[in-house]
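For reference, TrEMBL has these:
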TRANSMEM  7-30  transmembrane segment
TRANSMEM  42-63  transmembrane segment
TRANSMEM  83-108  transmembrane segment
TRANSMEM  128-146  transmembrane segment
TRANSMEM  167-185  transmembrane segment
TRANSMEM  191-216  transmembrane segment
TRANSMEM  244-264  transmembrane segment
TRANSMEM  297-317  transmembrane segment
TRANSMEM  370-390  transmembrane segment
TRANSMEM  431-448  transmembrane segment
TRANSMEM  460-481  transmembrane segment
TRANSMEM  496-514  transmembrane segment
């Protein structure tokens, strides 16, 4: 198994666990804080995510690329010097961004909620939760740098384990704090959300502890690397940071692309719908689906792409630095195959079973609106995935500057079309604007990849058609089972579980069977699967 695939599987497992935990905690969290609390939670995280990306300037991911490049040249000392100085830089950046977000919170809040509204969240609520989540900015930039350094060595376990621990501690604070505030002390929902957002800071501290343990374990390995490094001319710190920043600034756009799209929704969604006659409470309910509750579900299949991207950038960077074009092409093909083979069927299934998925996770009270929006939003996970992978490939082949152009082009389309499409299609409009913006970015990325590598998209296109056909063959029986189940069950949350189980088992069996039949899994793994060999022998 290749290092790329192994690293992807390790990070995929960790991110899946983190996302699964993040999905499960929403059950009790929704019961505690409801729609109003959920959308307030999202109001805090959108500006926080953008400030985090600006404070780190893309440096953690750039460190991964930088270290991978110099490790390929056996110049381990340069990467070590960057890491040591980077700790100080990221610490300072984190403290400054924490102060800035606190100062800016009162100016951000009026852009999100109407100060004259008589229902929903208030400006003071939004200011409070933004300031509470800002504490995480003190820790997260340094934590991200350390993860990037490990990833540059193609060591994915520290990132994987620390992410899971961070999520567990964060969820304990979210649920424990919310329960105590609301059920024990009869406090306000806004107070509970403030404590919940503060959980990001507590989780980050726990993650740092895990990374420190891994550092102690790997310290001997790093020391041996430095001792066996090739003697080369010492690179000045100014040159190191000049090269690093040439990698880093495109990562800023890469990492904040989805949050920027969400920011446009945060600023324009409520105002446009209210102008069209929606009460703020109803507008916030719809936005909570797109920016928080439904978004969490869409991010489950997308999380596989995040793991792939973290593994892909250092892997392709190393191959590209060594001018191994065959390996670069194979890594590009593998990354595209993973997206199509895994994310496409999951997002398609989620779209077809949207009402049942939303009803199971968040109850049937808001299932009509939530399910309808999720049905349209779920396929966007594939678009998110293709964007992330194509942008990562551009980083790996040193075309990061062109990736900025493609991202900004897509963002301009989202910004210009969001309000018109919201006015035309009501609550669905922002989903269409997001899909159009990212699709344009993907098309541009693919064009750039084709221009700067010898990779041929022809065979991949044929495989994509096969995967789409298999996905359709999987979806049709699942949909028929869904319709049939409604003849014998009701519409409670447990009924949604029964429908999903019956449909998913059949759909999963069909997809796996046809995937083996058409050699899809074998092509990705690069060898025949043992089970199939046994089956053929027995036949």
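Cβ atoms are placed via backbone N, Cα and C, with glycine included.
Note that TrEMBL annotation is computational and uncurated.
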Residues of the parent chain within Cβ reach of the transmembrane segment (431-448), under 8 Å, 6 or more residues beyond its termini: 257, 261, 264-265, 290, 373, 376-377, 379-380, 383-384, 386-387, 390-391, 393-394, 399, 402-403, 405-407, 409-414, 417-418, 421-422, 425, 457
Contact check, the transmembrane segment (191-216) vs the transmembrane segment (42-63), 3+ Cβ pairs under 8 Å, seq sep 6+: yes
Dominant neighbour of the transmembrane segment (244-264) in 42-63, 128-146, 496-514, by Cβ pairs under 8 Å: 42-63
